[in-house]
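Visitor: Please read through the structure below; I'll follow up with questions.
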Amino acid sequence: MIGIVVFPGSNCEFDVESAFRELGEVSKFVSHRERELGDYKAIIIPGGFSYGDYLRSGAIARFSPIMDAVSRYADNGGKVVGICNGFQVLTEAGLLPGALQRNAGLKFVCGEVKVRVGTTRSALTNLMAEGEEFSLPINHFEGNYTADRATLEDLEEHHQVVLRYVQNPNGSANDIAGITNREGNVVGLMPHPERAGLGFGLPGYARRMLGSVVAIDSVSAVKSAH
Ligand SMILES: NC(=O)CC[C@H](N)C(=O)O
């Protein structure tokens, strides 16, 4: 069972549910009001406009009751993947380093963008090949990843860049489209793998990407697989 956290303003929860259903995985929606998480294979924080993106995207959602449970779940090695607004929530919550600021040029970007797998040592890429390239949908206003120089160096040194844009659509530092924490169990990315194929069936790379989330049981397995 996959847990999908839903905030007021989330709007990609059904896309995530249907993508995992295509992989044979059942999901349950988890309200932002909950204080405990049950036994899930993984927790997904989906895209959308939680709390209307007021203040900063993800800045209010991170104070929801459920987020303490998500932090504990991650601390215990549970797999947590934040997609788009979910990535923003994870950085605001301090589960991932850095921040997502407004796109360069202050433009909302919507379309497909080519990305490259940076590391396979993560809950989202363990079935992928390093250097593999494919296109994924993007749809955001605040996807411009930023961090101080030491954090960026640290991310590169420890191979925590999960996905990089081949052509940077938003001004992200180091062309970063997605990162993982040091342990590999918490991942955030701006593109939407669950929307790949636009409802006509997930392409193979998207199946392997979302399949990675359920392919292994624990963080130690992420580590030992590589
Ligand atoms: N698709 C999304 O999740 C969008 C995230 C956020 N509302 C933004 O525009 O940056």
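In case you wondered, yes, glycine gets a Cβ from its N, Cα and C as well.
Not my notes, these are from TrEMBL:
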- Cys84: active site, nucleophile (ACT_SITE)
- His192: active site (ACT_SITE)
- Glu194: active site (ACT_SITE)
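Quick one: where do these features end up spatially?
Guide: For Cys84 (active site, nucleophile), applying a Cβ distance below 8 Å and a minimum sequence separation of six or more within one chain yields Cys12, Pro46, Gly47, Gly48, Asn139, His140, Gly143, Leu189, Met190, Pro191, His192.
Mapped onto three states, the DSSP output places His192 (active site) in coil. His192 (active site) has a Cβ environment of 22 other Cβ atoms inside 10 Å.
Listed in sequence order, Cys12, Asp15, Val16, Ser18, Ala19, Phe20, Pro46, Ile83, Ala206, Leu210 are the same-chain residues at least 6 apart in sequence whose CB falls under 8 Å from the CB of Glu194 (active site).
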Visitor: Would you mind sorting out which active-site residues among Cys84, His192, Glu194 put a C-beta under 6 angstroms from ligand 1?
Guide: Cys84
Visitor: Helix, strand or coil for Cys84 (active site, nucleophile)? Use DSSP.
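Guide: Reduced to three states, the DSSP call for Cys84 (active site, nucleophile) is coil.
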